[in-house]
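Peer 1: Annotations per TrEMBL:
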type     : residues : note
DOMAIN   : 24-226   : domain 'Major facilitator superfamily (MFS) profile'
TRANSMEM : 25-48    : transmembrane segment
TRANSMEM : 60-78    : transmembrane segment
TRANSMEM : 90-110   : transmembrane segment
TRANSMEM : 116-139  : transmembrane segment
TRANSMEM : 151-177  : transmembrane segment
TRANSMEM : 189-208  : transmembrane segment
Amino acid sequence: MRRRAAPGVGEVMRLLLRRFRRRSMITLALMVAQAFFYNAIFFTYALVLTRFYAVPEARVALYIFPFALGNALGPLLLGPLFDHIGRRRMIGATYVLSGIGLALTGWAFVEGWLDARGQALCWSAVFFLASAAASSAYLTASEVFPLEMRALAISVFYAVGTGTGGFIAPVLLGALIESGSREAVAAGYGFGAVLVIVAGLLALRFGIDAERRPLEQIAPPLAADD
């Protein structure tokens, strides 16, 4: 093995689309799903509180605190399980359970079973799982590609995932919220739930068991081919 120059963007894209097609598909699915999930909920949460629960704008921040707490505790408490139980199984579990939680919260929202406090508690529980799931998308991108192209690969998937899911989600959910229809908003939540569940199942079926393994064993350096 000899030292190899860092690949350019064109070569990285070729490798992603050909040699690492399956890994690219999984990583992209995880990135798009988590970007849609997060942006759909977080950037429209204040609108939901003020429009459907009549929460004064000055008090909105109080309801964001439980949301933020769930986000912080998820990776902190669940992170070690990605090594102990395994990457593939934990990624699949956190994505699928996050999607189920989102769908159930949407159902409760439509039925009028939640007040503002209940909505905040539901999001706190859902994003306890979703925060660990989202972190695992970046973890996947950082582990399953060779060292020489890893940084560019992360950049590509972050840009495409955030540009797709992150742009569409707030626009779509914002429009649904402005309609004033709980059913329409819940349909948007349902779409996000389907995305993350499908991404989780893909990871569970095709993901890489990367726990407790050297990165060079998961993805040998490109220089090893020379």
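Cβ atoms here come from the backbone N, Cα and C positions, even for glycine.
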Peer 1: So which of 25-48, 116-139, 151-177, 189-208 has the most C-beta pairs under 8 Å when paired with the transmembrane segment (60-78)?
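Peer 2: It is 116-139 that shares the most Cβ pairs under 8 Å with the transmembrane segment (60-78).
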Peer 1: Any idea what the model's mean pLDDT is for the domain 'Major facilitator superfamily (MFS) profile' (24-226)?
Peer 2: 92
